[in-house]
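Asks: Handing you a structure now.
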Amino acid sequence: MNASRLPGFNDTSQDQPYPTSSEWFDGSNCSWVDAVSWGCNVTINGTSTNATSTDVTSFVLMAVTSVVLALIILATIVGNVFVIAAIIIERNLQNVANYLVASLAVADLMVACLVMPLGAVYEVSQGWILGPELCDMWTSSDVLCSSASILHLVAIATDRYWAVTDVDYIHIRNEKRIFTMIVLVWGAALVVSLAPQLGWKDPDYLARITQQQKCLVSQDLAYQIFATMSTFYVPLAVILILYWKIFQTARRRIRRRRDPPPPRPTSADGATPSGRPVQSARDRRFVKKRFLNLKKCNQRTRAETLAAALLLTEGQSTSTVDTLDEEPRTTAFTINEKVPPSVSPEKSSSTVTNGSKPERAIVPAPTHREKKESLEAKRERKAAKTLAIITGAFVFCWLPFFIMALVMPICQTCVISDYLASFFLWLGYFNSTLNPVIYTIFSPDFRQAFARILFGTHRRRRYKKF
């Protein structure tokens, strides 16, 4: 960073401390209001200078920056702690698929605890004033945690892809397999982060810290190509390809139709093929109630199927993803419970008689063609929106920084604003703030767990088994 943007860092060759508030107006007859409004001569360490509104603006900007960065750090810590706590506390979230989510939350929490605070000090002071040793530690932690966070997204996308495209995957998705993926993610991130500490640094690394007060990861061109390719560009390509294949597979299955079978015929006297009529008003109410319940269940299951296939955090992901291979159910309902004696146990239809006037109790398909097509379009839009949020947030947060990281060592004459470089860096960090939101907001299990953690509520799940 350019260290000349705030008073006290204009001359890096002198060991001059940053002036305190009392030094600003030592030996002068003007106040803060005078300095802001009119400007006046003040004495700082025996040197007369002109305090203007620019100096105060810099001070206000520094204060605002401190508050904003502190809020980002706090939000990142709280969000990822909530995710980890929810998985630890809630038994229905303790499944192998959510181990990847927990590991991602740990990586993002490390970004918030190890990387962001020192980065905030760097931004507020407008220069690295903590020495080469802490710079090495900070850059290594930065690369380790940020790379692990990004590579976890690849592991999550891979897990989803296997779950959607391989019907047998849920049977081999065990702890050993998921833990192997987690170890590979952290191992790759560790290799990239330790390479500069093992000697892969550019010649100006130390001079940049001591003379220019800039703490940057190694600007060696070969290392930057290796690091950016292995921790962003290749993972980005993999994520885009996998999510596109997931979307294509899910859309193809959503659009798959099966013509409903013809309703079972009834005899002239209103009896079903089994010869057992449904005669009473009580029976009619029973049939109607069972149909409405099953219709709700059917619609909910179809609506959630694609979302469960696309999202990693469904507590019931194993059972829900299974349903992706099933055709949408548009036939008449099935009664699988005990029925009154006068109700036919036939699965497809039954007939209700009221006195001499028979009534067909065969329930039509839950949706007509037009309604079905509308529902399919709605589910496809939801799938596209979900994937757009997941991939869009990742690309939006990290792409500017990694373009800059690759351009800087290649183009030695290119000048990138320090403010722009800081913004791109913190935009990448902000992805660790968004991850706990993006990867849990679509899961009702996580939402209920967060509510219980926040409000101590223990709401019974309103899921009915049929």
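Placed from the backbone N, Cα and C atoms, the Cβ positions cover glycine too.
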Asks: Is it the case that Swiss-Prot assigns ASP204 and ARG252 to the same side of the membrane?
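Replies: Going by what Swiss-Prot records, ARG252 is on the opposite face of the membrane from ASP204.
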Asks: From ASN45, ASN354, pick the one Swiss-Prot annotates as N-linked glycosylation site?
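Replies: Record annotation (Swiss-Prot, N-linked glycosylation site): ASN45.
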Asks: Where Swiss-Prot annotates a disulfide for CYS135, which of CYS113, CYS145, CYS215 is the other cysteine?
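Replies: Checking Swiss-Prot, the candidate bonded to CYS135 through a disulfide is CYS215.
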Asks: For the topological domain 'Cytoplasmic' (159-177), DSSP counts of helix, strand and coil?
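Replies: Tallied per class, the topological domain 'Cytoplasmic' (159-177) gives 14 helix, 0 strand, 5 coil.
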Asks: By DSSP, how many residues in the topological domain 'Cytoplasmic' (90-99) are helix, how many strand, and how many coil?
Replies: 7 helix, 0 strand, 3 coil
Asks: Just how many other Cβ atoms lie inside 10 Å of the Cβ on CYS135 (disulfide bond)?
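Replies: If we count other Cβ atoms within 10 Å of CYS135 (disulfide bond), we arrive at 23.
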Asks: Can you name the residues of this chain that are 6 or more positions from CYS215 (disulfide bond) yet have a C-beta less than 8 Å from its C-beta?
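Replies: TYR122, TRP128, LEU130, CYS135, TRP138, THR139, ARG208, ILE209 - these are the non-local Cβ neighbours of CYS215 (disulfide bond), listed in sequence order.
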Asks: Using a Cβ cut-off under 8 Å, which residues of the same chain at least 6 positions beyond either end of the topological domain 'Extracellular' (201-228) come close to it?
Replies: 1, 3, 9, 12, 122, 127-132, 135, 138-139, 142-143, 147, 192, 195, 402, 405-406, 408-410
Asks: What is the average pLDDT across the topological domain 'Extracellular' (1-66)?
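Replies: Average per-residue pLDDT within the topological domain 'Extracellular' (1-66): 52.
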Asks: According to DSSP, does CYS135 (disulfide bond) sit in a helix, a strand, or coil?
Replies: helix
